[in-house]
């Protein structure tokens, strides 16, 4: 195991024997410090190293501040000053515009789109070929065990539950990424000596095992934090001593630091940490020195009276910088893995981690108060029972399905939840926090690990637990359906407005558009519109009345040689034609609804739905007036030797009325489902 050309080689620790005589091969793994959304730069750097050195990188590990930002609304869920809020490049991989060239494993840091990371609390595909380990997690790649812990340490949040919900406030947008004791206890139950552990934070006191003076020459302001124990995470220091992995990779502090931790000797004395959280500001790009690898301490002389102790196990620690010119942000190491066969790396679930997740699920708190944890002895017993249960359930589901070789891709498949950039204006604007999205990958992961669910049949956990996604929880309407409904509703309102406008400018303005056409045997005809009518003499001549509100119909019918209407009918119809003004009124109200639907805010859509419904009522009234007036005239003409028929304008008003009703329903549906997504608190932490 060694670091490839980017830095001097490190002597690898001894490798454990492989059961069954399985061979080991070298796996080249690229390690990235803080990503900050610069994926194109990272993959280009890997390609450059491959071309320059003539090797192929098998996998990329990113140690936090990944910034999986799908659109501008996700930026509002990331705790950074506004000047650092940039869309980045992740969305290109999320939408399929680009494809990650190699398998990429990711943990979270303190600058993340926390809403998206929270969708995948247990881990899942952030984009094709990019897998997030979750708040804490462990997977296998070609048999290589890779564990990770997301976030950073904060003493005030460490013992709390996951109470944060979308939308985040000024406090919860920061506490949501704080590492919890729940995650550390789960990781501590893993069998010792995993191959790799990833963390964003450094383990506390790791600086005691490397070239501290060189580090302080580069980052002199670290001195006080190291002295007081504020630099690094105390829980990670204990986890390092418990797991004793072969490699530990970190980021966060924007510098390269290398250390070798020899386990089995006298442990470093714990340093009392200040209760305040360490705050690391994004510094300006400057040239960073490259510290040499820490020298191993010389072996002590064994006592003649005591047997020679076995060589201590060594954890190689490497922290890297953020992306930037002349920064040490990416290196490639060789790690021996168990050969699983030809082809690309195989990502499989770690069976032990599945069992731990199942055993600990009843303790996952959605409130500030975190329930107490069992003793280590009891916890390990519960993990064994959980593993046996998963094995039995997998066997019952599909004979031959093994927990020891369960591919992640057979359970979790990537699918977009939120849209990519460009749709924010239809979802409340760029500066709004997004609605909650339930991720299908978590739904599919749940049956592997979750045994009990409140509100479902069967035994219930004694500890109050959230209902797992996919059981009693009914998922809110998919966000893309909501957006589709909003677009359709807006289009329908516009269509109805256009139809009503055309009907309003019928005869006498445009004689080709009319509600009723009446003709006689001599070829003369009359076309009735909204504000008057036109008379065609049958020889190409045409005369139209001036546009006016209300007009007389009886006299013109007589001009066709048809017996006139009675005085009472004529007077009633004259008064009724004044109500034809409802057509332009309905068109105007529909226009207002259309403008409101374009305002790109949920309140605008709600008001638009209400105004569209008013337009529907007015249009319905206009349609009734049309059918009453022109129905009476049509019947009279046809009964007295003439010919009369309904024309295009009356059908336009009928269509506009139906369309406005559909627009009201569609827009209202979209508003209701958007509100449900915003307010729904689902499994695994407020919005999960």
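Even glycines carry a Cβ here, placed using N, Cα and C.
Please treat TrEMBL annotations as automatic predictions, because they have not gone through curation.
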In TrEMBL, of the candidate ranges 561-579, 580-598, the one given as transmembrane segment runs 580-598
The transmembrane segment (605-629): which same-chain residues, six or more beyond its ends, come within Cβ distance under 8 Å?
486, 489-490, 493, 496-497, 500, 515, 553, 573, 576-577, 579-580, 582-583, 585-586, 589-590, 592-594, 596-597, 599, 649-650, 653-654, 656-657, 660-661, 663-664, 667-668, 670-671, 674
Based on DSSP, tally up the residues of the domain 'Lariat debranching enzyme C-terminal' (308-449) by helix, strand and coil.
55 helix, 20 strand, 67 coil
For the transmembrane segment (580-598), distant same-chain residues with Cβ under 8 A (at least six beyond the ends):
486, 489-490, 493-494, 496-497, 500-501, 503-504, 530-531, 549-550, 604-605, 607-609, 611-612, 614-615, 618-619, 621-622, 625-626, 629, 653, 656, 660, 663, 667
